[in-house]
Amino acid sequence: MTCFCGTRALLVLLFLSSLSSTVRPKMVVTIGPSSTVVLSRDQGEPECDVCVCGGPAPDCSSSEKTLKSPGDLEVDFGCLKPQEVFTMKMTTKIACTTSSCTPAVANVDPTLFKDFKRTLMWDISVPERTVLSLDFGPSYGLKDISTTDNCQDGYKYTVSTSRFDGTIQTNSYCKDGKVSQLELLGATTVTLELPTGGDLDRTVFNVNTTPRRGRQESVTSDPNTMIFISRVAQEPDCSVCVNEGSGQNCNPQSLSLTDPSNTIVEFTCPLPQDVFSVEINRQIDCTKSSCVGDTVHAESTFFPDFNRTFTWDLKVNSPKTFQLDFPEPGMRQVQKEELCPDGHTYSLIAYPRTGFADIGTFCQGGPVNTVQVRYKGRMSLRVPGNAKLGPANFKLDVGPETRMLAIMKVSLPRGVSDTDFSTPYFPRKFPDLQQMQWDFTVPGMHNYTILFHNYTAPECLTGDVAVEYQKGESKVTTLTLTDPQPQHQQGDFSMVLKNCETNTTLQGLSLSYRVSVMRSGHPVLCTVDLTKQQGVSLQIEKVGSDPYCEISLNSEVKEKMNVLEGTTARLSFLDCTKDDLRLTARQVFDCPNAASCPPFSLTIPSLDSCLPMPLSSFTWLLRIPSDQSLDLVSPSGSLQQALPGQECQKDFLLNVAEADGYSVGDFCLNGNIQKVQVHANITVTATTPDFSKVREPFLNVSIGPEISETFIYSIDPTMTILTLLATPNWPQGMRPFSTASWIVSLPSQYSADIQFANLSQPICAEKHTQIKVKNLDQKAELMSRREDEKIENLMAQQSFQLDMSNCKPKTGDFGAMTKIVLQKKSNLLAILLGLAGVLLLLILLLAAVCVIARKKKQRRKESSIYTTNNIFRPSDRHFTKPSPDNNSYDYIDDSMVYGHMLTDTSYPDRSLDFPKGKQADTYQTFTGPTDVPLPIINEPEPEPEMDMYTPFLDTSESFIPSRPRTPINRQESLGFQDSRMTDNQFCTFKSTGDINTIQLSGEDLKPQPPKSKDYL
């Protein structure tokens, strides 16, 4: 061998000469510092050694040789074709940090052992939380294959990654695929198997690392909430971490948060929702706090893109129940493995004293609206990741005491339906000695049938399995599992399933059954004959919310039925109430000329009594020739248009519109419109709560000659009814080029204040809008305004006509509301004559008063004086003022002298105890003239006393009980009258107290002329 030296050279030469022409292959290879080459001989191949020269002696091996040197190595094989005996495996190590790798490129010598079967391997080490990227380039893509498959061209890539749990994940690829880049987590080994003599690029792939991007979730919840995070997928490598103290606690499998208020949860992978699921648990203990009417809802902000399970642990005092009320549309029970369409799957578990029982799995949208569970249980809601959390609210309440494990309340739907139910824990056995109750509400006019389609009967050690049915307070019906169950029954009912004590070594009790509901009502049939009703047609449509109301026309189910005029129809109504249907009718009046249409009235023709709903509205279509007009008059005498401030009662309304639907207005009875004239085909629609109570026609209609305006209203305003005039189609605008007139007849002695309360003007494209006012008996216009002119209120002194016409608007609408206010006319001549008459009457009254006063003065009675000295002075007109020491009285009127009547027992004061004999300062009754002639005393006229008044002594207060004071002074003259005095024989007083005088005239106040001495 040529690689030998020294003393062995001769031996080599001798050996070579003995082999004659045999040549041993040799080669020089270069191996990188981070690579190792292993040459291995296949066990089934002939003996052949491989030697590495370069040392004091060759390093040879006949099975495996490892080549590792930073420089060139000379390799010699002991056989002529070593590529058929040996395989080459080169391993290169790549060390990476979180940001780079050394080396960064997986380079190889394409000619290294090219003729051998080669395997190239790269061991790549990466730190934790680092993403390793292998870039194979866009022109050298890979395609994924099974690890047991081989690539057709012999180029096979194998990528093995160490997982977080110590296992190895391996994926295999072939060339010419679409995968150009791989992102890996953890230490990775890339292996490339090449065929013998296969070509290879110098750069196999590029290596890159980046810090592993994680994800954080902020959790804020109340103290009664716990969160459990659990791994559900083996890939990728990911951990969940939470800060604890100064460090961080990470776990690749699960994490529990018992107090998650203000907690940050960190995941070490960018997509943790693919790895973990979250359970959010809330404890609700109704034994320690009130749960009446609490609304329970799922917290939608927690981990929204994770697969989530919301659980509520509920507890009440035994034997009470906690009650869950589900909002519309309720729940339906499904099998445990069944998935709900919206991804929201509910489940309910009960915890009796003996263990637990799965009450059932539910989806939204079903007849179950309430579930009551005794003592303790758990309600769960499973929501898939990225699914929008629906309205998962339900109401929690404390239910009644019960012996049942659970009570399910079901409201069966209307129509045909099949609803399935199963016992708790189905298909496994129902707990021993437990009872389950279902309360069914069956809609009216429906039959139900119960079918047990899957059940297992246990072997009972004590007791029996029983199924009990009860309707209301009726007797309980007890059946077995094998008995025929109720069929074609009606009404609400309860079903109770009772289990016995079973032999646990055998199968237990399980039951799955179906409740079928179908309508039992009989349809209401009605045959409508319109052959005898000229121009009448009917329309019946469904307006209620009940989807099971079914109507049909001639055996064909319809949503709307039209019975044409002159036809006969068979109608059917199934499970429909009056509120579900609306009946409208229509009648057409065709008038080709006035002669063919005498005046007629709009009345409701008789309809078939079999119709199960009332008439909602009736419409008349009135058609006339173009040279005629319609006169509409109310049978009650007048109409009123429904307007703001002039509303109509809703119990009666007439809508008038043109035949094409253009509205004229709504009208009712008893207003100020005497007649409406229309130059068009119109419809009149009457609405009233009860057409059967209408006895009179709605309108009287007659055909009149053609009118120049489109509408003419005849108005008779009154003081008692507000008069508002509105253009047709108010508050929308008038039809282009249409006209309307109001003929307003004012009452006598009244004028009208015309107020344009609400006016809208358009911008005209053709012609102009016009508002004109003129007196009925004059051609001159009181006012005329266009749309571009200002309009003001106007006073009309007599009946007038208001005309309005529209243009062709470019923008805007033409509409107006006019208010008519009546005012009484004023007459100045009549006022002056009235004042003169009143003045003359006052003068005559004053003259009469003066004459009467003068006559009364002449008839005034004269006064006399009588003293205790038997001195009598009759008819003395003048008295001197008495002095304090005399015993005289002032002005004793003769007509007041009635002392002789005091002896009469009928006098009311007769019982008074008057003193006997003469008393000083007392009044002595005048008894008439005596037989002895009385001396006549002539007294001189006293001098008048100035500024001095001496009152007469009040004798009534001296000897007898109180009576009205009667002082004698100037007020006692005929010019005064005391209001206390009663007009009777005694002229007594009504009351005591001070004098209250009324002056009759001023005559007595005048000074009297002096009397002559011989006057007496």
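Each Cβ is built from the backbone N, Cα and C atoms, and glycine gets one as well.
Per TrEMBL, domain 'CDCP1 second and fifth CUB' is recorded for 103-208 (among others). For the domain 'CDCP1 second and fifth CUB' (103-208), the number of residues in each DSSP class (helix H, G, I; strand E, B; coil) is 0 helix, 56 strand, 50 coil.
According to TrEMBL, the feature domain 'CDCP1 second and fifth CUB' maps to 294-398 (among others). Counting residue by residue with DSSP, the domain 'CDCP1 second and fifth CUB' (294-398) contains 0 helix, 55 strand, 50 coil.
Averaged across the domain 'CDCP1 third and sixth CUB' (409-507), pLDDT in this predicted model comes to 92. What TrEMBL records for 409-507 (among others) is domain 'CDCP1 third and sixth CUB'.
Annotation source TrEMBL lists domain 'CDCP1 second and fifth CUB' at 608-703 (among others).
The domain 'CDCP1 third and sixth CUB' annotation in TrEMBL covers 708-821 (among others).
Under the heading signal peptide, TrEMBL lists 1-25.
The feature transmembrane segment is assigned by TrEMBL to 828-853.
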Test the contact criterion for the domain 'CDCP1 third and sixth CUB' (409-507) and the domain 'CDCP1 second and fifth CUB' (294-398): 3 or more CB pairs under 8 Å, pairs 6 or more apart in sequence, then answer yes or no.
yes
Helix, strand and coil residue totals from DSSP for the domain 'CDCP1 second and fifth CUB' (608-703) stand at 3 helix, 50 strand, 43 coil
